[in-house]
Amino acid sequence: DRDSCVDKSKCGKYGYYQECQDCCKNAGHNGGTCVYYKCKCNP
């Protein structure tokens, strides 16, 4: 599911989203970005 990483990945205030990226990649997505402190996976 596209937002499966939202609760599992930290999104810091200053663009720290490696954890989000890794989670999304592991879930089979093309990375991810942080939007309002929440991790959103790319399609």
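The backbone N, Cα and C atoms fix where each Cβ goes, glycine too.
Since we're looking at a predicted model, the values are computed, not measured.
All protein chains considered, the CB of C5 (disulfide bond) has 24 other CB atoms within 10 Å. In the three-state DSSP classification, C5 (disulfide bond) falls within coil. Annotation comment: Swiss-Prot describes C5-C23 (among others) as disulfide bond.
Marked as disulfide bond by Swiss-Prot: C11-C34 (among others). Under the DSSP three-state reduction, C11 (disulfide bond) is assigned to coil, being neither helix nor strand.
Annotated disulfide bond per Swiss-Prot: C20-C39 (among others), in sequence order. In three-state terms derived from DSSP, C20 (disulfide bond) belongs to a helical segment.
As annotated by Swiss-Prot, disulfide bond applies to C24-C41 (among others). For C24 (disulfide bond), the same-chain residues 6+ apart in sequence whose C-beta sits under 8 angstroms from its C-beta are C5, S9, N30, G31, G32, C39, C41, N42.
Counting in whole angstrom, C11 (disulfide bond) lies 7 from C20 (disulfide bond) by their C-alpha atoms.
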